[in-house]
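Per TrEMBL, the features are as follows:
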TRANSMEM  26-46  transmembrane segment
TRANSMEM  58-77  transmembrane segment
TRANSMEM  97-113  transmembrane segment
TRANSMEM  133-152  transmembrane segment
TRANSMEM  230-251  transmembrane segment
TRANSMEM  282-303  transmembrane segment
TRANSMEM  323-343  transmembrane segment
TRANSMEM  363-385  transmembrane segment
TRANSMEM  487-506  transmembrane segment
TRANSMEM  518-538  transmembrane segment
Amino acid sequence: MSEEPAARPEERPRAPREVWKKGGRLLSVLLAVNVLLLACTLVSGGAFNKVAVYDTDVFALLTTMMLLAALWTAFYLLRTARRPGAVPHRDAHAGPIWLRGGLVLFGVCTLVMDVFKTGYYSSFFECQSAIKILYPLTQAVFVIVQTYFLWVSAKDCVHVHLDLTRCGLMFTLSTNLAIWMAAVVDESVHQAGSHSNASHARLAPDPGSQAGGDCACATTVCRIFEQGYFYLYPFNIEYSLFASTMLYVMWKNVGRLLGSGHGHGHGHGHAPSRVSLFRETFFVGPVLGLTLLLVGLAVFVVYEVQVSGDGGHTQQALVTYYGFNIACLGLMTLVSLSGSVIYRFDRRAMDHHKNPTRTLDVALLMGAALGQYAISYYSIVAVVVGVPRDALGALSLAHALLVIAQHTFQNVFIIESLHRGPPGAEPPDAPPKEPCLTFANPDALHALPACPPTPGPVGPSLEGPQEATAATPAPRTHWRRRCLKDISLFLLLGNVILWIMPAFGARPHFSNKVEVDFYGYSLWAAIVNICLPFGIFYRMHAVSSLLEVYVLA
């Protein structure tokens, strides 16, 4: 009776390690889900005046979560990351410079928001709970610590304190999502209060604080602080989402082993060391994109001035706004389709290597687009089913349909671009090259065929034959590369202006009464305020993805 072959030595420790890896991930996910559900329950409950959940309860929970997350972050930086062999690998795909730069930009704006919020609550300190002033100060400390942590550690594949690190990352991610939800609810309540011409009331009044006129924001400085921090809420929302994506990639990389070709490099491992913004383009994409950006800024300013006026020019402002957006979305849809058509003639192999960052990028593109999809489909139903059918209804319908088309075809183009191999990669159906040998003696006997001679350069050159040949790309490949770079830059600038408009307060969803009359203000406001932040995040994430597409083209 033959015995079963013994397991190879390298296989023995892997099975229990994989089981414990899954167990550690499950433990951290369960912790994050429970903490996030508790925070969401308090935040959503505090949004309704009839629920006995007070703003001080929400602020106390979020302050505690931020302090715990900041303490764990400090422990990671001072203890975990400094242990010998703690970070044997760094994922080159994680934390690209434009993502970290965006995180710093939104972090700075969040700090300014915290200054305004502290000034606002300090204006009537005598009738407010101390937690309302402590909350923005704690958030400022949390943002500074977390931004530094993600800047220096976003690429880490840590191999010590595995379970503690996984739980810490997931807890910090839950904290960012809870802050994001609190900001969305706060902005929604503020907008609902402005619509009903009521005074601003963040959440249910705290019975422990004095109510009435004593806490009214009566001074000019107080009103400036109040308007300032609400104006900066979109940046706080984007900061929380950016930080959450980077924390998720770090969580996926805990205990990860990288091969020799995955631990270093830039981008997907094929990006050039120097990147010039308009290098190797036809300049059509950058010029059209910049023109679109400038025209969009002018339309946005005109729209804001006319909508915030006496109300007599609201319809004209909406026609201008929808007209520009329809033209912009139509152009971006056609350009995205053109990019996908160019890829049909691209012979580069697809890159199927495991890449948590790319997987997350694709998931975020698809997931964040659901926000705009939802708003668009609600608008389509309101216009088609509701009455009356006027010009604004037709513009709203065309805008909704083009939003769906533009998101769909842009996602197809970006996802296909991110999965393309490097320039010069062999296609999957290319015949294998026959091995060859080069001999100094042509009469020597050999089993393998001789390599064909490499053509030399035309004219005098200091380079060798191989360098000269490699430096001259094929004309068709060069033409396709330039077109893809133009397409990516045009789409990048188009997404920038489509991010600026809603991020800085453009809300045609409420000025156009088609959806408001059909659904009622409360339901429509809930739909827009929940879904629109995902749409704003989609535009920013599309910008970072298109920049990577440009680099890799």
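Glycine is treated like the rest: Cβ placed from N, Cα and C.
Note: TrEMBL annotation is automatic and uncurated.
Only sequence-distant pairs (6 or more apart) were considered; of these, fewer than three Cβ pairs between the transmembrane segment (97-113) and the transmembrane segment (363-385) are under 8 A, so the stretches are not in contact.
Long-range contacts of the transmembrane segment (282-303) within its own chain (CB-CB distance under 8 A, at least 6 residues past either end) are made by residues 317-318, 320-321, 324, 328, 331, 482-483, 485-494, 496-498, 500-501, 504, 506, 508. The transmembrane segment (323-343) is in contact with the transmembrane segment (487-506), judged by 3+ CB-CB distances under 8 Å for residue pairs 6 or more apart in sequence.
Beyond the transmembrane segment (58-77), the same-chain residues lying 6 or more positions past its ends with a Cβ under 8 Å from any Cβ of the stretch are 35, 38-39, 42-43, 46, 129, 131-132, 134-135, 138-139, 141-142, 145-146, 148-149, 152-153, 165, 168, 171-172, 174-175, 178-179, 182, 203.
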